[in-house]
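Taking it in order: structure first as structure tokens, then the write-up.
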Amino acid sequence: MSVSSISLNQIVVMFIIILIGFICYKIKLIDSETNKQLSNLLLMLVNPLVIFISYQREFTKELLHGLLISLLLAAVTHAVAIFVSYVLLRKRSLFFKGKNSDLTDEDPANPDVAIERFSAIYSNCGFMGIPLVSGVYGSEGVFYLTAYMTIFNILIWTHGIVMIAGKQDKKTTIKMLMSPTIFATVLGFVLFIIQIQFPAAVLEAFTYVAGINTPLAMLVAGVTIGQTQIAKAFAKFRVYYTTLIKLLIIPLLLLLLYSRFSIDKPILITAVLAAACPAAATGTLFALRFDKNALYASELFAITTIFSLGSIPLLMAIAELLT
């Protein structure tokens, strides 16, 4: 089965679970507080276990080389995303004249350009990326995805937080760089290099817990979308423009760039899939923390999540032609 077919099937499964989460919120089966707790469970336990398990494999030079290539691609991906977002999401819009589209960055009435750039640059590579990559390439794909997530975490708590807040909170940055996800990546990598593997029973238990990653992540996404004023979001042209940049322009540029080099297909597709994921939910959290337009950030998260269900299979079909 082709990568595009597998990704389409995975997207359909994820969409159904997102819809279930959306309905659960609307019928008050899951409230916002429960959703926050489920999100914390994912971030603090489930995602780190998925990452750690991916490193519990036999060491080969090919895998190590692939991981280093993935790290390089992750850095290039974010550099391209930052450049494109700063070029296309400008202080003055050439395309949409209206509220918050023709004011300067310095104008306190227009903080939204920073939120748009953040949403275009940083992907939901944990909640959406892990289930997608796992569905396409299994634990090997997640193994390569950890490189992307490492660069993502470093940049989002340095460049990302400065872009939203206008300053860097060093204590918060240091604290978040010591998150369970980073810890699982570092520990997993060290054990992979020195070839220490956990007993089969322990790994089996970890695998059972890690297995709830996809359904839990999609339920959280569905509930989060349910909390957003979707109708109002669909009426904003800037949302569509930012979504176009995030889901199509940046991933297509990366796909065209990477396809010119002799990169193993799983590594290439994993990098593109990670970049093609919807906007990171962290944008809403940062906006809330630093008194920015959190509603707009949540709208971008919701709309990019919805449209990614169509854009990702399209990108994978194009990837099949190019690779």
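Cβ from N, Cα, C; glycine included.
No curator has checked TrEMBL annotations; they are predicted automatically.
Model, not experiment: these values are computed from the prediction.
Some features that TrEMBL has for this protein:
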- 6-25: transmembrane segment (TRANSMEM)
- 37-55: transmembrane segment (TRANSMEM)
- 67-89: transmembrane segment (TRANSMEM)
- 120-137: transmembrane segment (TRANSMEM)
- 143-165: transmembrane segment (TRANSMEM)
- 177-199: transmembrane segment (TRANSMEM)
- 205-227: transmembrane segment (TRANSMEM)
- 239-261: transmembrane segment (TRANSMEM)
- 267-288: transmembrane segment (TRANSMEM)
- 300-319: transmembrane segment (TRANSMEM)
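Across 143-165, 177-199, 205-227, 239-261, the stretch most heavily in contact with the transmembrane segment (6-25), judged by Cβ pairs under 8 Å, is 205-227. Long-range contacts of the transmembrane segment (239-261) within the same chain: residues 73, 76-77, 80-81, 84-85, 88-89, 93, 95-96, 116, 119-120, 233, 268, 271-272, 275-276, 278-279, 299-300, 303-304, 307-308, 311-312, 315, 318-319, 322-323, each at least 6 residues beyond the stretch ends and with a Cβ under 8 Å from a Cβ of the stretch. Scored on C-beta pairs under 8 angstroms, the neighbour of the transmembrane segment (177-199) with the top count among 37-55, 67-89, 143-165, 205-227 is 37-55. By the Cβ criterion (distance under 8 Å, sequence gap of 6 or more), the transmembrane segment (67-89) is counted as touching the transmembrane segment (143-165), at least 3 such pairs being found. Same-chain residues lying 6+ beyond the ends of the transmembrane segment (205-227) with a Cβ under 8 Å from its Cβ atoms: 13-14, 17-26, 30, 32, 35, 38-39, 41-42, 45-47, 49-50, 52-53, 124, 126-128, 130-131, 134-135, 198, 281, 298, 301-302, 305-306.
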